[in-house]
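Pulled from TrEMBL:
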type: TRANSMEM; residues: 66-88; note: transmembrane segment
type: TRANSMEM; residues: 109-131; note: transmembrane segment
type: TRANSMEM; residues: 183-202; note: transmembrane segment
type: TRANSMEM; residues: 214-238; note: transmembrane segment
type: TRANSMEM; residues: 250-270; note: transmembrane segment
type: TRANSMEM; residues: 296-318; note: transmembrane segment
type: TRANSMEM; residues: 339-358; note: transmembrane segment
type: TRANSMEM; residues: 406-425; note: transmembrane segment
type: TRANSMEM; residues: 437-457; note: transmembrane segment
type: REGION; residues: 837-865; note: region 'Disordered'
Amino acid sequence: MYGRYTQDLGTFAKDEAARLRLQEGDTPRPRRPSELLEYTQGRCAPCRVCALQCQRFLISKVGEDWVFLILLGLVMALVSWAMDFAIATCLQAQKWMYGGLDTNVLLQYMAWVTYPTVLITFSAGFTQILAPQAVGSGIPEMKTILRGVVLKEYLTLKTFVAKVIGLTCALGSGMPLGKEGPFVHIASMCAALLSRFLSLFGGFYENEARNTEMLAAACAVGVGCCFAAPIGGVLFSIEVTSTFFAVRNYWRGFFAATFSAFIFRVLAVWNKDEETITALFKTRFRLDFPFDLQELPAFAVIGIASGFGGALFVYLNRKIVQFMRRQKTINRFLMKKRLLFPALVTLIISTLTFPPGFGQFMAGKLTQKDTLVTLFDNQTWAKQGLNDEFEYLGILEAWHHPRSNVFVTLVVFILMKFWMSALATTIPVPCGAFMPVFVIAGAAFGRLVGESMAAWFPDGIHTDSNTYRIVPGGYAVVGAAALSGAVTHTVSTAVIVFELTGQISHILPVMIAVILANAVAQSLQPSLYDSIIRIKKLPYLPELGWGHQEKYNVRVEDIMVRDIRYVTLNCKYRDLQQVLHSTKMKNLPLVESAESMILLGSIERAQVGALLSNQLSPQRRLLTLRQKVLSEDGHRLSDSSIRFQISTEASSGIPARPALRKPLKPALKRVPSSPADSPPAGATDHTGIALKSLFCANPSTEPTEAQGTAYHKAKRVRISIVEEMILGDKMTPAEILEWEEQQLDQLVDFSSAKIDPAPFQLVEHTSLHKTHTIFSLLGLDHAFVTSIGRLVGMVSLKELRKAIEGSLTAKGVKVRPPLASFRDSTASTSDADTTALRQLWDRHQHHPMPREASPGGDDDDEASK
């Protein structure tokens, strides 16, 4: 019915081109490109041409996406492996210092506390001096950048160096900090720097849309090479950085993340850290019967409790930052002593985790990696105790205390590390919060529930005649995924857990816990990254999540700003000046008139300023003064020219020829002269004599066309300079002010301005949900609101954010109850509105949009007539 394609379009185009070439067989061969002509001469001409063509081929292939993604994955894998090696070396040095001073507890304490304090202080100072933008996670900033907001200095080489070195020192100190968030920022900076470097080979790397797609892929690479989890990395990066994700970027993210994770694990094998490519934290849970259905309620409890815990973590982190900022005395003191706060926090945490001290009750000797390995262990501590049957006796021994059981150790560990992590993530160093939450609170809480289940059911849960013992390590995996998902508001943490452990046996309990944790956390608090965005006051748009069902009945007319500044088509320059002084809008609406308010387009603030500056420019004032002088001195400059005779006898040595007196025309207004206008012989032209001494460069021979053009251009420039010298100082400040007032009263000429004829518009009945979707999908920061073509208001990111958050009391925003704008959706447009619409359309036909005049504009107009 609709027809079908019988041949591929590309094949058809090739066949058609071949047929045309056969028909034009006698057509002469095309000439070589002009840039190849210089290589076609000489003995080695074919080799030169071939080398040039090969060079161009390679340069064109550099522009392929897969080449860029391979380079990005390779560089990030090397950076991740090098950082892990440096961090492991720093942690091993701390253990060596602590173990070598076992004869003196005081020296052990000094070494245990001083080492991380020095590293954190260096990280904070180095980052603050080199690039303060490197502080923190980086995911909130990347979320803002991918939305279209330009953040200066966040993707530069200086920030990259500060982030890498500062993060290495921060993690090497042993503080409860994470690597995942900063690595997303590092990968994005690496992608931006690669794009700038490869732009030397082609301009396609300067395309803004292409760079945005590569940044989205880089976020996936950052997670993929950090956890060796490419699938979870892609999904996690989409969840935390994008509201709407283009499916065409899927293959880029998976390709780069997979290649990066592969190289990262190959480097571990090459360094003999692993025998083969395996999971980063491989578990050994039984596969025939991983869990019983009767354990699902316990997993659900872990999910619900993790939801409350994640919301509490975000709340505690935000309150700590707000407390430090609101206390003006403390804030002022810490601004002067920037390194005091990180050193003090590190000193407190190191003191509490000192192994011979309070740290013996919370496994203070273990690093984050060792802690996660022990928590994922498939043995049951509460039932069997810590005896020689354990394969990792040296590591598990840290959880055993002769005067307390494993439950006390886990509870103290969870409570202490929870607030320590929330406090440590506020230190002004490059750091993340994913791993502390994942390891310290999530896995430990899951392990606590698992050990409790094992104590309640020492022989396991009976199923028919078979008995299967409880596996507490599986509960730790579920808790880690649930709590990290609750803090970040993501579900992809389940996939990351599967790739980290190398087992998918607990997929059902993990998904149940993660979904329940997200449901609870999203109803209580924003995600950790959204909370940081609010603290830093970055431009953002909150999601229409839980508790926003009533916002579906709110319309744009309820939240828009009605009193906005605009520019009319027949306005004066004085009106432009008033608009610029009264508003800070970046884009101003252009309407037909103040009476009709028909929206014709929008004009940028910079364009309005350029129009005003051009109208009041000194060059324009000089032109006005020149015209005034010429009109007053018409008897001396009757033909608007200055005549003088040019002699070249002294310079050329050639006999002088009778020089014709040619008129000197004004630079901006040229009137053709005639021989009849020449003064009589012997007459004295004082103006000509005054300028005659300045210009004496007429050659004795007739110049060529190019020389003549250059000569006349130079002559006009010199004449303009002389006239400016003569006329420039004649106007007093009062005269200048009077002239500017006259210019401001003239009508604006929009022919030279760049006007957007189709700005983003919304009708007044657009729902808040649809408005949120449009703003999120297109990355808008404002949109004009129209009614039957009339401009009635404007809604920006600020009003939309306040409407979603419920604080609809901002100045200038007229708010009505949510259901006040609810109208019958079946109501049709009235006849009066239809008639008004037709009248406005007819009127609009007589007021065309101003546009730039094209070179062939006159011809086009004549042709149209």
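Including glycine, each Cβ sits where the backbone N, Cα and C put it.
Between the transmembrane segment (66-88) and the transmembrane segment (250-270) there are 3 or more Cβ pairs closer than 8 Å, counting only residues 6 or more apart in sequence, so the two stretches are in contact. Contact check: the transmembrane segment (296-318) against the transmembrane segment (406-425) gives at least three Cβ pairs closer than 8 Å, residues 6 or more apart, which meets the contact criterion. Among residues of the same chain six or more beyond the transmembrane segment (339-358), those with a C-beta under 8 A of the stretch's C-beta atoms are 98, 105, 108-109, 112-113, 116-117, 120-121, 123-125, 173-176, 324, 333, 364-365, 416, 420, 423-424, 426-429. The stretch in closest packing with the transmembrane segment (214-238), judged by the count of Cβ pairs under 8 Å and taken from 183-202, 250-270, 406-425, 437-457, is 250-270.
If you look at the transmembrane segment (406-425), the same-chain residues 6 or more away from its ends with a CB under 8 A from one of its CBs are 175-178, 309, 313, 316-317, 320, 345, 349, 352, 361-363, 381-382, 399-400, 431-433, 436-437, 440-441, 444-445, 447-448, 451-452.
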